[in-house]
Every structure is written in C-alpha cells, then in structure tokens.
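Lifted from TrEMBL, the feature list:
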DOMAIN    309-457  domain 'Histidine kinase'
TRANSMEM  14-35  transmembrane segment
TRANSMEM  47-69  transmembrane segment
TRANSMEM  81-102  transmembrane segment
TRANSMEM  114-134  transmembrane segment
TRANSMEM  183-204  transmembrane segment
TRANSMEM  210-233  transmembrane segment
Amino acid sequence: MLDAVRQFFAVNGLLVQALNAQGHFILGLAVLLQWRRESQLELARSVPLLAAFGLTISLAIWADIFIPLQQVYLSREAIEALRLGHALLYIVAYAFLLHFALRLNWVHPVSEHLPWLLAVLGSMLAIGAQLRGMPAGEVLLWVQRLGRPSIVFPASLLAAWGLRREAEQIQRMGLPSFIVDWLRIAGFSFGFYAIVSGLFIPRSADGRSWFYYATGIPIDVFQAAVGMVLAYAMTRALTIFRHELQRLVVVMGRERALAADRQRIGRELHDGTIQSIYGAGLVLENAYHLVRSDPETAERLIQHVMKALNETIADIRRYIFDLAETEGSLEELLGEVVEEFRASSGLEIDFRIEGNVPHFSPEASKHVQQMVREALSNIVKHAHATQASVVVRGDADAVRLLIADNGRGLPEGGAYRRGGRGVPNLLARAGMLGGRAVIRNRPEGGAIVEITIPNMFQEA
C-alpha cells in the first residue's frame, strides 16, 4: 500500500506542486482584488502584505518546478544564479508573512522594520555562502531549513491570533456574522499552516521532509489544501470592505438627507412659521384695539389667531419629528402615527398590514412615516371625514401604502393648495425613495393617497 502511494505521488508530484503554487497564487490575487485602500478598518492595513506573501511564495513554488526543467537548456552558472534567486525569493516571501503577522497584532516601528532587517541579513548570508563555494541548491535547502521553523511557524501562529482578534473586533461592530465566521476559519487555517509549512522541514534538495519518507505523501498535499481553504476563507471574509462601503454610502445618504431637511425646514420656518407668528401678532394687536369698541370682531379675530397658532404648532411638531431619529420597524412606526391621530382628532382610522413588508432602513422608514403623517394631517384639516384607513401592502417588488378617507374629496384644483407645503413635501419624499405618490378622488367618495416605494431601500 505504501509503495502504491509513493508511486502515485512520484508520478503526480509536479501536479501536487502546481496545485500548491496555484492555491497560494489565488490567495494573493483574491486578497489583492478585495482590498480597499480607503477602508478605515485595521485589517485593511495588513492584507496587502498577505497578498504579497501569497504571490511571492507561489512564484517560489513554481520555481521549484521550472528551474529543474531548464537544466537541459541553460549553463551551470545560469542555473546556479536562478537557484540563488530562488532562495532569495523564499526569503522575501517569509519576510512578507512575518510583516503581515506583526502588523496584524502591533503598530510599532519595530514591527515595520524587523522583517526586512532579517530579510537583508538572510540575503547577505545566502549570497555570502554561495560566494564561498556552497552550491546554490544547498543554499536554498538551508534557507528553508532555517526559515520555516524560525519565521514561517511563529509568523503563522501570530497571524492566526491576529485574525482571531480581528474577528472579535468586527463582531463588536455589528457587521454580518458570516464575516466573523470566515475570519475565524482563516485563523484556524493559519494555525494548520504553521504546522504543515513551518515544522515539516526539507531533508534533501528535492524538498522532501521526513513525513514523505514515512508515509509516501509529500507535505505539499497538505500545504495546497490549507492554502486553498485559506484563500477561500479570506476571500469570503474580505467582503467586509464591500459591507463597509455600503455602510458609508448609507451614512452619507443620511447626512445628505438630514442636511436637505435642515435647509427645507429653515426655509419653511422663515417663509411659513415665522411669517404666521408675525401675522398672528398683528391680528392680536388689531383685536386689542377693538376689544372695547367692537368686542364681537375682536373675539372673531382672536379665534382666527388661535386657529392659526394651532396650525403653526402642528407645523413645528412636524419639523421636530422630521429631525428625530427613527427607531423600530415600519409597522410599529406607522402604528404610532395612527394612534397619535386617533387620540388627537377623534377620527376613526383602520390600520392594516397586508403581505410581507420588508424591514426598511431607518432613513427610508422616517420618510414613509412622515408621508403617512402628512396624508392623515391633510385628512384631519381639509377632508371633513369621519373615517380613514391606512393600508400597508408588501408586494414582491415594492411596498404600497394606501391612505383613504370618506370625506368631501379633492377640490376642483386638485390636491395642491396655494401656499400649502404638505403635498409637495409628500411627493418629494416619495421621489427621494425612488417611488411615487398619487392623490386622487375615490369613486365611492373621499380621496385616496397611493404611495409606492421600491424594495431597494430595505435593510440587508
């Protein structure tokens, strides 16, 4: 059985080496493609070094395959130079791995310079040994004999520990749990890598360790397997950069929307609320002068002012709601609005949820809440209705809100009222969410507001 295993790997040894090189190359390329320079995550500072290690070590392993093939075509001096370059390539790869592991755990000038000081020292020793007459193949063998247990083994263990720490930090950030799981798998993979690449030291120039002589299986098989697992785990884990970018886009959208709301509220306070208060003051002053000479007119003016001030208070309350943070599901938020209007207006309001309503982002939920608030406010102010209904319908592609009443319907000019700000704000909010709002009369009497919001704004 052992002879059959040895025969199989003797025939397919080059294929195993190629798979080992391919696994490391995929690791380096995948990490490099996933990396985002602008990321604020600590992991982003380290992963370029992991990519460099994967690419460099893959070239070194491929050199194990191609340099022997060139012995037929090149002179002995050229082969010696290639083997020395091969040894130096391993030294650079080990330095990248150590640098990655140190930076993952510490940010210190020593951790930045130590790997490359060791690389320079190792390179000088390798070049010096060849100049003193040691064959380049022996130099390559001693680079691996010394570098694997002294650099690869501790660096891989440090990398495993660092990835575990990163997983814990990312878990506290509330990012998707699968990212944490894949970072932990990558950490375990580095633990196995420390064993199969750090402790199995070559005994001969062909790179075979004691494990091969005992079992007939080259250690490259396990190195290739661990490299593939590590490549896939890091590829999955580094989707964290995409999630970070999505979060940044959401935050920027919220800040932009908040700034727009502040500008809008500032304009409305200046053009509407302040002017209304100023006008109320003038009317009260006029009423003050009429209290004795014409008390009935003064009373009528005061009632007019009270009504105007109540509307102004409602506007100010709406502005406060606009700026407040929105918490809870869409159903809960709309339920609160309905209860608020039931209590304050005495209007009989039917509230229903139909279908599967997705969980919208807080910013989208706030806009939907304010649109329903505006629609109900218009019903209370202008419709002379006794009943209303709010229906939230979750369809496959969108959420549809239907706010209807049994009042007197829309006037001839439609929903727009000169000087009114409610309907334009409602339409603008629907447009900000990529949807639309339609206000029309119902055949059976009253009016209906139909709001359609695409599901693109639901939370992941």
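Quick reminder: no glycine exception, Cβ is built from N, Cα and C everywhere.
TrEMBL labels come from automatic prediction, so no person has curated them.
The shown structure was predicted, so the numbers you read here are calculated from the model rather than taken from an experiment.
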Same chain, outside the transmembrane segment (81-102) by at least 6, Cβ under 8 Å from its Cβ: which residues? 46-47, 49-50, 52-53, 56-57, 59-60, 63-64, 67, 70, 74, 111-112, 114-116, 118-119, 122-123, 126-127, 130, 135-137, 139-140, 143-144, 147, 151-152, 154-156, 158-159, 162
For the domain 'Histidine kinase' (309-457), the averaged pLDDT of the predicted model is 82
Residue counts in helix (H, G, I), strand (E, B) and coil for the domain 'Histidine kinase' (309-457), per DSSP? 67 helix, 39 strand, 43 coil
